[in-house]
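Look at TrEMBL and you will find 79-100, 106-130, 160-183, 203-224, 236-254, 274-293, 313-334, 363-381, 415-435, 441-465, 486-505, 517-536 tagged as transmembrane segment.
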Amino acid sequence: MRPPQAAGPSRNNSLAIMPGILECVDDDLGSPLPGKEIYSARPSKAGLSTVMDSPLIDSGSDQRDMYRMGRKVELRRNFSLFSCIGFSIVLGCSWEFALITGTYTLANGGIAGTVWMFVATCFGMFTVMLSMAEMASMTPSSGAQYHWVSEFAPARCQKFLSFTVGWLAVLGWESCMTLVGYVGGQQFQSLIAIIHPEYQPAGWHGTLFTMAVTTFSVFCNIFAVRKLPLLEGLMFIVHVGGFFFIVVILWVMGPRSDAHTVFTEFDNQSGWPSLGIATLVGITPPVVSLIGADSSCHLSEEMKNASRDVPKAMILTAMANYIAGLTMVISFMFNIGDIKDVLDSFTGQSYVAVIAEATGSKAATIFCTALVAFMMCACGINQATTSSRNLYAFARDNGMPYSEWISYVRPGWDFPLNAVIATLFYAFLTSLVIIASPNAFTIITSLSLNGLILSYLVAIVVIFWRKLKPEPMPKGKFSLGRRFGLCINGIAILFLTFVFAFSFWPTIPNPTAETMNWSLLVMGCCVIGCSIYYWLSARHHYTAPVERSRKHD
């Protein structure tokens, strides 16, 4: 691929460790931004350059934000509000994941438990999203959680906390990338099983399909990076069209249950001591369907008017995803039919059995399954974008091994190619585990839930603590206010703590070694390993984002 001509400042024109006086004009406020000293922890022989020199920035508010954060401009702002909304909705794939994970909670809570746990998750995740949207407006950084923690945490512990949160977010998003590739591969295996019922899946099949989906996703992120906003529009159209197509099929052609069964009949088939505990254990699949509230935040440095439009994109995306996901869950539960037959589907995907029963057509079943498989590939494209941007942001602060290579952005390309390649490498490496043990792979990729949840929790706890202090905070264009904000933050903290605790529970009481949920062990090893790496090495070279930032007015 031949790169275009350089469009931004060269790598050597980084902000130097020396003061400079800058002045810019905020297009939205129409007032000059007073010149202040700005520092960066990366020395440069070329001396001081300003973010205002870069043609990659075209908004006064974006200039102001990058200036305050002390960031060099390396990425092109080619995402608008609507393309970012399309990006986040497709990445969320809420109705697709609702179909795929919808039956996982039937043993813990039954049909009604599945519906009401999804409703509760929508409410809880909305408070999480609002909390992060406020922080994204104040500090629109691709680093998101770890940047916010560095800026708002107590000075004595902000560096270690931000480093730990950075690693949790990186591991979480990188695991999401692999998991989406695996789930997408499963949909293609289901297609094969529909066409050839004698097909017997093997572990290495899962590895190859995962590699194929992730490779396709990364290919699009490298060779179609300038066309990503256009691709988002096309994938969004398929996403919306597919949603209405499947919902109509289920309601028009499916064998419907009555409302009393769907909304009031809870069940405990796993043997927990009480129905309440069984239902609460079933909250994990809905959270998996709606995780990723921070996806838009990692595009902050590629979006125009980020401090204003990122929160808008987050709110509108959440509303669209929650409505679509809940509608699909209710439609699915109304038309699920015989639960035992659905769970024992020879394709390995329960929703395939429901659609086959509703339509009575092999061709229609193939089309719907292919539609879900396509959307998993589309989700993979956006997962690769988000994962690589998050990795790039953390590496430019020297939080990763080989940070200089990972964070390098070739002038004129305006996207972090090396971070994209590193994301593919991680996906390939973890997908090899499927050959030996799919269960071990699931345990490793549990970081996609636990890592992100803990990163959200720490960030929101920090902003909650900061609001209790009298010190001024950066002003954003989206604010929850102090009292209402503390209320929303508090609910989000309680919800995330609850979800984080139950994410480590096994699906059945008295589990064996094979049915045990080992994700707590994986999470513990990651946190301990991260801490050891920090104290032995990283604390000497990791630059916390707050060290680069200029003081806000």
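Glycine is treated like the rest: Cβ placed from N, Cα and C.
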Selected stretch (most C-beta pairs under 8 A with the transmembrane segment (236-254)) from 160-183, 274-293, 363-381, 441-465: 363-381
Close approaches to the transmembrane segment (313-334) from elsewhere in its chain (Cβ under 8 angstroms; 6 or more beyond its ends): 81, 84-85, 88-89, 92, 94-95, 97-99, 102, 111, 114-115, 118-119, 122, 125-126, 129-130, 132-133, 136, 243, 246-247, 250-251, 254, 256-257, 262, 286, 289-290, 293, 295-297, 303, 351, 354
Most Cβ pairs under 8 Å with the transmembrane segment (160-183), selected from 79-100, 274-293, 363-381, 415-435: 415-435
Contact call for the transmembrane segment (363-381) against the transmembrane segment (441-465), three or more Cβ pairs under 8 Å: no
Remote residues contacting the transmembrane segment (486-505) - C-beta distance under 8 A, at least 6 residues beyond either end: 124-125, 127-128, 130-131, 280-281, 283-284, 287, 446, 449-450, 453-454, 456-457, 460-461, 463-464, 467-468, 480, 517, 519-520, 523
Surrounding residues of the transmembrane segment (274-293) on its own chain - C-beta under 8 Å, 6+ positions past either end: 88, 91-92, 94, 97-98, 101-102, 104-105, 107-109, 113-114, 116-118, 120-122, 125, 128-129, 132, 176, 266-268, 314, 318, 321-322, 325, 329, 386, 448-449, 452-453, 456, 498-499, 502-503, 505, 507
Tertiary contacts of the transmembrane segment (106-130), as residues 6+ beyond its ends and Cβ separation under 8 Å: 98, 257, 261-270, 272, 275, 278-283, 286-287, 289-291, 293, 314-315, 318, 322, 325-326, 329-330, 333, 336, 339, 343, 456, 460, 480, 488-489, 491-492, 495-496, 498-499, 507-508
